[in-house]
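Each remark here refers to the structure printed beneath this line.
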Amino acid sequence: MSAHQRGTELDLSWISKIQVNQPAVLRRAEQIQARRPVKKEWQAAWLLKAVTFIDLTTLSGDDTSSNIQRLCYKAKYPIREDLLKALNMHDKGITTAAVCVYPACVCDAVKALKAAGCDIPVASVATGFPAGQTHLKTRLEEIRLAVEDGASEIDVVINRTLVLTGQWEALYDEIRQFRKACGEAHLKTILATGELGSLTNVYKASMIAMMAGSDFIKTSTGKETVNATFPVAIVMLRAIRDFFWKTGNKIGFKPAGGIRSAKDSLAWLSLVKEELGDEWLKPELFRIGASTLLADIERQIYHHVTGRYAAYHDLPMS
């Protein structure tokens with residue numbers, strides 16, 4: 001990833017004018033979902049591209065060091081070697097974009113990736129994930145400890161209460177402090193859009209997060225009842241576009257939660273391409289947070305190469 005963005009001054013006059021046209025957003029979301037996906041070799045090419053955007057994630061209460069090792073191995077070798085050879089892609093260095101773990105697992109992930117001889121970044125969730133309802137001092141310390149342990153990306157959660165009660169200055173100040181605590185690590189700000197109440201709030205929270213210095217804005221923790229949806233994504237992508245037009249700063253986008261099928265991943269790539277253009281289709285500006293998506297992409301590539309679907313044991317986790 002390139003150097004992180006510094007953010008801008010808080011512009012409340014911009015925030016106060018925002019009103020999202022919900023029916024228009026829902027119509028646009030329906031259009032995206034009605035699209036016919038690409039087929040055959042074009043589909044295989046897009047799916048391999050999707051792999052390079054995945055933040056391969058494990059955020060379970062029963063994560064162990066061996067789970068983390070397996071995850072890291074899979075991040076380095078996401079698609080079986082023989083399948084890549086059949087597509088003549090075995091020498092292209094295809095890996096996932098990052099691995100994403102809890103703060104206490106960062107050391108294990110850094111060690112496993114080092115042992116595998118690769119420089120895939122480690123992302124850590126932080127700031128009282130997933131609810132964000134711990135003391136600010138604790139949340140900031142959690143960021144610092146994850147960075148000390150070797151995380152180069154921090155996925156923070158915002159305090160949703162500040163959005164629901166319209167405390168935009170307080171939200172800006174908190175994210176500013178997160179940015180400072182990250183040091184040289186990249187800041188990915190999770191908005192938990194399923195808990196923000198309205199699409200207008202989603203746009204405002206997106207804008208505040210970018211003004212405060214976020215390198216990425218992310219839809220969800222994956223733990224809410226509603227996670228990454230197309231209407232929310234459209235609003236966030238338009239906010240990213242508006243921020244770019246106003247400041248010249250390119251901010252990344254990360255949908256997460258509920259993205260499980262290869263077909264889903266293609267729809268997300270298509271949406272980003274249409275809303276922001278090809279220049280956003282790179283891991284520095286687009287990620288997909290997922291734990292089970294990679295398995296389905298590998299199944300589809302297996303089918304493309306062999307003409308049949310893989311049995312469960314054909315494509316183990318690692």
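Counting starts with 1 at the first residue shown.
Each residue, glycine too, has its Cβ placed from N, Cα and C.
What TrEMBL records for this protein:
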ACT_SITE  Lys218  active site, schiff-base intermediate with acetaldehyde
ACT_SITE  Lys254  active site, proton donor/acceptor
- For the residue listed as 'active site, proton donor/acceptor' and the residue listed as 'active site, schiff-base intermediate with acetaldehyde', determine the Cα separation and express it in whole Å. 4
- Query: Ranked by the number of other Cβ atoms within 10 Å of their own Cβ, which of the active-site residues Lys218, Lys254 ranks first?
  - Reply: Lys218
